[in-house]
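Colleague: The Mg(2+) binding site annotation in Swiss-Prot covers Asp76, Asp78, Asp97.
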Amino acid sequence: MISEMEEIELYLSKLPVPKSNRYIRPKGGKVFKPPRVTNWEARAIWELREQFKGDAIDYEISVDITLILPNRRKRDIDNMLKSLWDVMEKAGVIKNDNLIFEVHTVKKIEKGKEGVIIKIRPFQSP
């Protein structure tokens, strides 16, 4: 089990696919995720499960996110984070994203590279 005092660092090799405006609603009303979304989710969940073997975190946490971007193209960071929280839940890293009490996000441009560094630690109230 992961100690509440321990900092956890995880890495994803691909940037999150932003959550909104990526779903297809045909006439039947059922929502489908495009392959780009489902492929990213499956890969991210697998990568997280390979790195995180403990029980899902069930206490208040602070999360530091470093988004490694391959270029200066505009990206929807808020929706990328929503996708990230979802896969962290599905992979069993966190019990629920409502346990995230503090978020610090940094964009880092590294030409030709991409990924996400996730650092999780217990939340300490100011």
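Every residue gets a Cβ built from N, Cα and C, even glycine.
Neighbours and distances for these, please.
Modeller: Following the DSSP three-state reduction, the secondary structure of Asp76 (Mg(2+) binding site) is coil. Over all protein chains present, the Cβ of Asp76 (Mg(2+) binding site) has 14 other Cβ atoms lying within 10 Å.
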Colleague: Specify the count of other C-beta atoms within 10 Å of the C-beta of Asp97 (Mg(2+) binding site).
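Modeller: Result for Asp97 (Mg(2+) binding site): 15 neighbouring Cβ atoms inside 10 Å.
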Colleague: Could you tell me which three-state DSSP class Asp97 (Mg(2+) binding site) falls into?
Modeller: helix
Colleague: Quick one: give me the count of other CB atoms within 10 A of the CB of Asp78 (Mg(2+) binding site).
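Modeller: Taking all protein chains shown, Asp78 (Mg(2+) binding site) has 11 Cβ neighbours within 10 Å.
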